[in-house]
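Please read the structure below before turning to the comments.
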Amino acid sequence: MSCARWVASGCRWRLCSGAPRPLSAYGRRISVRFCSSRMTLDNINRAAVDRIIRVDHAGEYGANRIYAGQMAVLGRTSVGPVIQKMWDQEKDHLKKFNELMVAFRVRPTILMPFWNVVGFALGAGTALLGREGAMACTVAVEESIAHHYNNQIRTLMEEDPEKYEELLQVIKRFRDEELEHHDIGLEHDAELAPAYAILKKVIQAGCSAAIYLSERF
């Protein structure tokens, strides 16, 4: 059977036939194998991978909605291009996780409609505090996401770094880009936002709750 190539965000996934699993269109049982690594749907830790991809997809979706809210308020200001550049990277992240959800057959969290509304409201609400408020939100969220990605990297490294090599590459690259957003926020006066320390703690508490719920539901 010929391989179908999956190319996105600079990382290539190739889907091929392998050990029997689901039924094909011809009535034969097939499996999906990621040919450039040792990953198959039969030999991965499905519970761990499902949680990782589901929560990361939800997180990138929420980040997109936050930046959409910020752009709705600040898009025509001097900081608009900065926010737009970060948003464009988040769009690429979300696109990749959309593809991984199909490849790994992971269902999205049932809370997607909630994150749609809450993410936009958080972005717009902090942007109403001005550039500093929007950047404070960026610092808080991206710091939480980077910390979460680091936890996932440790989990996969302990499981089997060779088997999960390509998934690790994706998560590491996105982690590094989230940290870049964090630093951009600091460079654009995030710490000058009203009640910065309190605002950051509240937002990060919300991020922790969102991660917990999206992993499980």
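Cβ coordinates come from backbone N, Cα and C, glycine included.
Values in this document were obtained by computation on a predicted structure and should not be read as measured data.
Every protein chain considered, the tally of other Cβ atoms within 10 Å of the Cβ of E60 (Fe cation 1 binding site) stands at 23. Residues or ranges marked as Fe cation 1 binding site in TrEMBL: E60, E90, H93, E178.
Less than 8 angstroms from the CB of E178 (Fe cation 1 binding site) sit E142, I145, A146, Y149, each of them six or more residues away in the same chain. Taken from TrEMBL, the feature Fe cation 2 binding site applies to E90, E142, E178, H181.
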At a 10 Å cut-off from the C-beta of H181 (Fe cation 2 binding site), count the other C-beta atoms across all protein chains.
25
For E90 (Fe cation 1 binding site), which residues in the same chain are close in space, meaning a Cβ under 8 Å from its Cβ, but six or more apart along the sequence?
E60, A63, N64, Y67
Taking the Cβ of E142 (Fe cation 2 binding site) as centre, how many other Cβ atoms lie within 10 Å?
24
